[in-house]
Structures are given as structure tokens and as C-alpha cells.
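S.K.: One structure coming up, written as C-alpha cells, with questions to follow.
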Amino acid sequence: IAKLIFCWDFTVTHERAVKLKQKNLSTEIRENLSEIRQENVKLTLNQQLIRFSAHLAAWVVSTGVAVACCVAVYYLAENNSEFLKSHRNPGAVLLLPFLVSCISLAVPRLYSLFRLVERYEMPRHEVYTLLIRNIFLKISIIGILCYYWLNIVAQAGEECWETLIGQEIYRLLLMDFVFSLADSFLGEFLRRLIGMQFITSSGLQEFDIARNVLELIYAQTLVWIGTFFCPLLPFIQMITLFIMFYVKNISLMMNFQPPSKAWRASQMMTFFIFLLFFPSFTGVLCTLAITIWRLKPSADCGPFRGLPFFINSIYGWIDTLSKRPSYLWVVWIYRNLIGSVHFFFILTLIVLIITYLYWQITEGRKIMIRLLHEQIINEGKDKMFLIEKLTKLQDVEKRANTSSFIPGRRDVEQPDPLHVREQDAACDLRLRRSVQEENPET
């Protein structure tokens, strides 16, 4: 509290920046008060058992739902080729993307309803739980689809199987975009009408941060996988994200209300970035590594046709450059740096050293922040002490002025006759001087 009250940044002078700073301070105060209130809550043994049972039941149900969805996706993907051969309807190719998009839209909302039973007091805990459940669901579905693409589609002997995988990923992204638009225009708008017109006790819904972040991570993972099979896919995703940003912005302002419980969004950013890196980006690297080093390209189409593996294209390119004297420096870089195990060992060692140094710098900054925080608190206590001293001095001066005012009032009520004559003589003298200054001749 001392930090928030006595440490205003006076370098902030712009009106918009000042209002933003005030909102940040208000949010931080509400976050601190929410955590302090949670720390003061003490539950009985029965209440703790009831809460633990509710959490355990929610986890069992959520895990069972995720497993059932993954089994349904795997069964449909495994039989997708036979289904497409027996159904010549062009819309049949959208069955698998439709099922995946329905699961991605409905199941996270089911997970959000579990908070009515679990009743987390800390908003961060609720967001962490939703993120873990949603990331388990979505990454499992993407893993099953990758297994289907790399082990069934690629090994089925289909012509241009790379194109088939690119088309599947394109349909998934397009269907996800259509479902997101429909959810924003219809689902969230209808929920607003129900909360405002029919069930007024529920009110407007709160913005689900975990679900929307996971939708972005899911779409980004598909784009990373599909870039190898469909190079124009990132451009298409840029257009869809541009449209969805403004759609979500309008829907957020019209159909949602601010969260009732304050939570530290700045601390969640690190967790969001970690989710984007570890399950998403790392999984994509493993998938592409298996594709490049272990799968055989199509024999009749594509830029890699006729090669035993995708990586052989790089080997052939290096052999071609080695016959041209002007490009020998490229061959040297590849053989001594990119293709050298020792170089990657040294590079890994350098990265570990830099990571350790940054970790030490971070720890030192944490210690400095703690010391500065303690110094700020002490300065606030000093200011409170000085304010108390000033208040006491003002009270003493007020009492002294009150006691000296009473005798003075008695002197005014009974003036001395000699003092009155002196005042009359002084007035007469000032009058004569003023007359002389105005009329010197007189």
C-alpha cells in the first residue's frame, strides 16, 4: 500500500498515460486485496474435503471427456480414406475438420462450467486449470492428426500425399475460422441477449482468457505444421487473424463485462509464452524432423520427387555447389558448421552459458527489486511518522494561539486612555504630512 500511495511516477505527464497509470494502480490494489482476503479465509475439515472431492471429480470428468474426444477423432481419421471413397459428395471432406472444430468449440465451454462446482477463490488458479485441461485436449487432437497424416496418409501410397496433408490443414484452419466467426456473431450475441433480457440475474458473461489464448495457440500450431506442406498458409492465417482481431474487439466491447475477480495478467504472460513454445513449437519441430528425415516424398509430384528422403535435396544441392568455385564458401560453411557435430556442441555450450548468465541477472534483479520494495515501504513509514509529528505540532500551535487570543480580547474590550490619546496624535500627524505632500506651498 505504501508503494502504491507514495510512489507516483511524476515523469508521466500525458493525460492518456496518467489515466492508464491510474487504472494499473487500481488493478494492482484490487489484486492485492483479493489475495489478502484469500489468505485470511480458513476452511474447516469438512469444507476442505468437499472442495477436494469437487476438484477430483472435475478432473476425472474433464480427463474422460478429453480421452473420448481423442478416440472419436482417431477413429474418424483412421476410416477417413474409406469414407471419402464411398462418398463422392464434395462436402464429405469437411467431416473430419467439422468434428475437430465442434470439439474445440464445445468442450472448452464445458470445462468453463466446472468453475461453478470447483469455486476457485484465486482467479489465477482457475485460469491455470482451464489452460492445462484445454492444452491437453488440443495438443492430443493435433498429435492424433499428425499420427494420421504421417503414418496413414504418407504410407498409403497416395499420389501427392503432401498435397493431401496441406489440404487437410487448410480445411482445419478454414473450419476453425468459420466456427470462431459464428461463435462471435451468434453465440456470444445470443448469450448477451439471454443475460440482459431473459435471465437478468446471470448478467453479461466474463471474457474467457484461457479459451481464447488456447484458440490462438491451436491455430498457430496448425500453421507451423502446414507451412512445410502449404507455403501460402501463413499468409492466409494473417488475413484470418486480422479479421478475427476486429471481430473479437467488437464482441468484447458489446457482449462481455470485466472480470469480477482481479488476477495478475502480467504474470500469466510468461505461462502463455511457455505453452506456445513447449507443447506447440517443440512438437512442430519434432513432427517436421520426422517428415524430413524419415518419410519418402511422392514419386510423381512435388519439388522433392525422385528422392529417397527430403533431406537428400540439401545433400544434392551441396554437391552441385561444390563443383562451382565461386560457391565453395557455402560448401565450407555447411560442412564445417551446419553439418559438424562439434560446432553444435560448442553452440549448445554457449547457449547454456548465456542462459545461466541471464538467470543470474534475473535473480540479482529480483533481489534488487525486493530491497527497493523494502526501501519504499520504509520511506512510506517515515512519511507517516513525519505526518504524525506535523499533526502534533499543529495541535500544540493551535492550543497556544487559542490561549493567547483570550487575553488579547480582554485588552480590546477595555482600552487604556493613554493608548487612545497616542493613537489620535499619530493619526493627526499622518494627516498633516499627507496635506503637506499634496500642497507644498501651503
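Cβ from N, Cα, C; glycine included.
From TrEMBL, here are the annotated features:
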type	residues	note
TRANSMEM	56-77	transmembrane segment
TRANSMEM	92-111	transmembrane segment
TRANSMEM	131-150	transmembrane segment
DOMAIN	160-266	domain 'TMC'
TRANSMEM	221-247	transmembrane segment
TRANSMEM	267-290	transmembrane segment
TRANSMEM	338-359	transmembrane segment
S.K.: How about long-range neighbours of the transmembrane segment (267-290): same chain, 6 or more residues beyond its ends, C-beta under 8 Å?
M.R.: 124, 127-128, 131, 135, 139, 142-143, 146, 150, 209, 213, 217, 220-221, 224-225, 228
S.K.: Using a Cβ-Cβ cut-off of under 8 Å, list the residues of the same chain that are 6+ residues beyond the ends of the transmembrane segment (92-111) and lie near it.
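M.R.: Same-chain contacts beyond the ends: 62, 65-66, 69, 72-73, 76-77, 80, 83-84, 130, 133-134, 137-138, 141, 145, 167-168, 171-172, 174-176, 178-179, 183, 208, 210-211, 214-215, 218.
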S.K.: Of the residues in the domain 'TMC' (160-266), how many are helix, strand and coil by DSSP?
M.R.: 81 helix, 4 strand, 22 coil
S.K.: In this predicted model, what is the average pLDDT of the domain 'TMC' (160-266)?
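M.R.: Result for the domain 'TMC' (160-266): average pLDDT 84.
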